[in-house]
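Colleague: Could you have a look at this structure, given as structure tokens, before my questions?
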Amino acid sequence: MDVVLWGVLPYLVVVTFVGGLIWRYRYDQFGWTTRSSQLYESRLLRIGSPLFHFGLLFVIIGHVVGLLIPESWTDAIGVTEDMYHAGALGIGTLAGIGTLVGIVILIVRRRRTGPVFMATTRNDKLMYAVLTTAIVTGLVVTTIAFTAGHDAHNYRESVSPWFRSLFTLRPDVDAMASAPLQFHLHVLLGLGLIALFPFSRLVHAFTAPMHYLFRPYIVYRSRDRRPTPGASAPRRGWDPVGTRDRDR
Amino acid sequence: MRVMAQVAMVMNLDKCIGCHTCSVTCKQAWTNRAGVEYVWFNNVETRPGQGYPRRYEDQEQWHGGWTLNRRGRLTLRTGGRAKRLLSIFASPVQPELNDYYEPWTYDYERLVEAPLGDDFPVARPKSLITGEDTKVTWSANWDDNLGGTSELGHLDPVVEKVRRESEDKIRFELEKTFMFYLPRICEHCLNPSCMASCPSGAIYKRAEDGIVLVDQDRCRGWRQCITGCPYKKVYFNHKTGKAEKCTFCYPRLEVGLPTVCAETCVGRLRYIGVFLYDADRVTEAASVPDEKDLYEAQLDLMLDPQDPAVVAAAREQGIPADWVDAARRSPVYALAKTYRVALPLHPEYRTMPMVWYVPPLSPVVDLLREQGHDAEDHGNLFGAIDALRIPVEYLAELFSAGDTEVVTGVLKRLAAMRTYLRGITMGTGADESVARSVGMTGQAMYAMYRLLAIAKYDERYVIPKAHEERGHELEELGCSLDYDEGPGMYESAAFGEASGRPVPVAVETFHALRQRQTSEDIAPPDEMRGRVNLLNWDGVGTPPGLFPHKDVAHPDGAPARAEHGRDDEGVVR
């Protein structure tokens, strides 16, 4: 069982994730959008959305640092386990709570605002469920570590080595299996989220427009060149209107 | 000098009767779809009035367009690039649906399906957003014809500004009211701020004709363009999550037809033509320190197509000869630069808008006539233009960043044209002094009269076609069969209706058809062979060839078509 969960599943998830992203990028440029609902409601969004997104950015940075940087490296520069622990817990809790509050505001807004709820697909609901439980279990992990204090499980001796070993294609299943239940849950939900990524609205994160900082303000573009006569690559975006359009 | 061509429009406001035909035909052509119910690429506003969306001109509130920073450099009013990106998670100043209106329909079905009873059934208004019963409280032209102006007139941002700057109040009592219509489309600016605020770089200006378009595949719904556009002419499709805007009907323009709004304009007040402009100097022109110089700076960008140097430069840049020729005959160049009667809308936004307006003289004429004066006499008209501060100041706020001299000059030229032409038609002779008093010759005055008043179709619209040798590159119009559940409509893809491979626009394209008709082969390896032309399909049953065959590859690689999928009973399973 451990081998399936910590040795096979991660690779399946990676294949789904990478393959899904490539497929969606090639197949569904038109559906690749934030699907913003600010047009319907913006008072709550203006609080919830930045809180959630910025919180999440810090959470992601924390995960990268915690998982990728080996304990021996931080030891080498003189960061003791206690210092590291305090720092990670402090920042992690802050960012995690910010993210959680943000997403709670967003979910409440989504449920309570009629038009926003109408625009919520089943795909969105699944994504919200996985995302929220992932955040909650993450916070549970942190809280347990907080209350345990010195006796807390050091994930940098179990989860992190396992995570890094995934890249060398020799997954350290035993290390991960030795971690407590709350870590198992959190990692599984995280894997679920990653698998879901290409197929939900989360994809918009992958086109975060950083090149905006560098491109010229005015964009000139020539009419697209088409390879074959007659076979003009059709443009999408002009879906017809119908009286029952809301039901579709 | 980098010469580029720009297709532009001029609207002669004196002729607009506010019939909204342009809006309606545009809506039918372009925004008759789910998600864009509230979107009007073309709308007609009554001025004074709040406009659409409400009070869009109040840039203190909406932060649209450009401004000069402390160092005198051009920046977006919403802030620089880093600030834009940091506020991307929730656009700080985006109009909500309430600022437009909540689109609705009526429950017509109830009219026919209600059970027999003593009361007449009523078709209730239903919101197109929530599907619930709704109360209709606003629309795209709720304050049409000054409706509600006595209550809401002060909300017009231009009225606010003029009032602030002049001591006497603009009065909205009926006898003192002036009114005109302002049809608006996207300005297809030379220096578009929507484009500059788009984080994805999805909005682009076509190099060939300057039309500003949104690449639907690259738009990611960051909605910064909506804030960026000071005219609020980029809209958010709330179903697809993408931005949409007026396309200047580019598929029509490419084949030499005017836009739908222009073609169907009852008053024939729209002019479409080509400008040649110097693309290298656009930023410089948009950065002049004094807002009142922006109009002149914009005019300076427009190159004289008669100038041999300009023509040579244009040819060097690859602008086709017939485009240069069209630029020479361009009605928009004539009205904007030769006669100087067309003005840009809100040049102070620094976007260099390319839809120009001939300001209306009629408020002045009407007032004179009502007071019993000879409203055709240029002396009276000139005096009135000088005396009537309110309409002139109001127009100046719209068209010349508040510079009343520019508007006065235009109105005087229009007034002089009336007098000059009255002399001719009444047989009292053409009075050259009238023409000279506004710095024109009688000949030019007559030509301007022809263009403004007679406005023949081929003089109003001088539209060079896209080039035949580039014909296969043209982007096409949508297929008329793509309506809901129509034969051209494909099932939704995995992520709902807005996702998946695009619906093929053309079932059979012109070129594919011609290719087949002129082909040497009897049975060309053509995908379309044996397929039903949906345009000729009567909608009954499923004739063979209605659906594409599932290709089963032969050993030699050729698709097996004749063997399967089509049997003699004409039934496809």
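Using N, Cα and C of the backbone, Cβ positions are placed for all residues, glycine too.
Got these off TrEMBL a minute ago, pasting:
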{"type": "DOMAIN", "residues": "A:3-223", "note": "domain 'NarG-like'"}
{"type": "TRANSMEM", "residues": "A:6-23", "note": "transmembrane segment"}
{"type": "TRANSMEM", "residues": "A:44-69", "note": "transmembrane segment"}
{"type": "BINDING", "residues": "A:H53, A:H63, A:H186, A:H204", "note": "heme b binding site"}
{"type": "TRANSMEM", "residues": "A:89-108", "note": "transmembrane segment"}
{"type": "TRANSMEM", "residues": "A:128-148", "note": "transmembrane segment"}
{"type": "TRANSMEM", "residues": "A:183-203", "note": "transmembrane segment"}
{"type": "REGION", "residues": "A:225-248", "note": "region 'Disordered'"}
{"type": "COMPBIAS", "residues": "A:236-248", "note": "compositional bias 'Basic and acidic residues'"}
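A description of the local structural setting of each listed feature is requested, covering burial, neighbours and distances.
Modeller: The Cβ of A:H204 (heme b binding site) lies under 8 Å from the Cβ of A:W32, A:T33, A:T34, A:R35, each of which sits 6+ residues away along the same chain.
If one looks beyond the transmembrane segment (A:128-148) by at least 6 residues along the same chain, the residues whose Cβ comes under 8 Å of a Cβ in the stretch are 59, 85, 89, 92-93, 96-97, 99-100, 103, 107, 110, 155, 180, 182-183, 185-186, 189-190, 192-193, 196, 202.
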Colleague: Could you tally the C-beta atoms, other than its own, that fall within 10 angstroms of the C-beta of A:H186 (heme b binding site)?
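Modeller: Around the Cβ of A:H186 (heme b binding site), 23 other Cβ atoms lie within 10 Å.
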Colleague: Relative to the Cβ position of A:H53 (heme b binding site), how many further Cβ atoms are located within 10 Å?
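Modeller: Step by step: centre on the Cβ of A:H53 (heme b binding site), count other Cβ atoms within 10 Å, giving 18.
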Colleague: Among the binding-site residues A:H63, A:H186, A:H204, state which ones have a Cβ less than 8 Å from a Cβ of chain B, giving them in sequence order; state 'none' otherwise.
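Modeller: Of A:H63, A:H186, A:H204, the entries that lie near chain B are A:H204.
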Colleague: Measure the Cβ-based neighbour count of A:H63 (heme b binding site), defined as the other Cβ atoms within 10 Å of its Cβ.
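Modeller: Step by step: centre on the Cβ of A:H63 (heme b binding site), count other Cβ atoms within 10 Å, giving 14.
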Colleague: Give the three-state DSSP assignment (helix, strand or coil) for A:H53 (heme b binding site).
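Modeller: For A:H53 (heme b binding site) - judged by DSSP and reduced to three states - the answer is helix.
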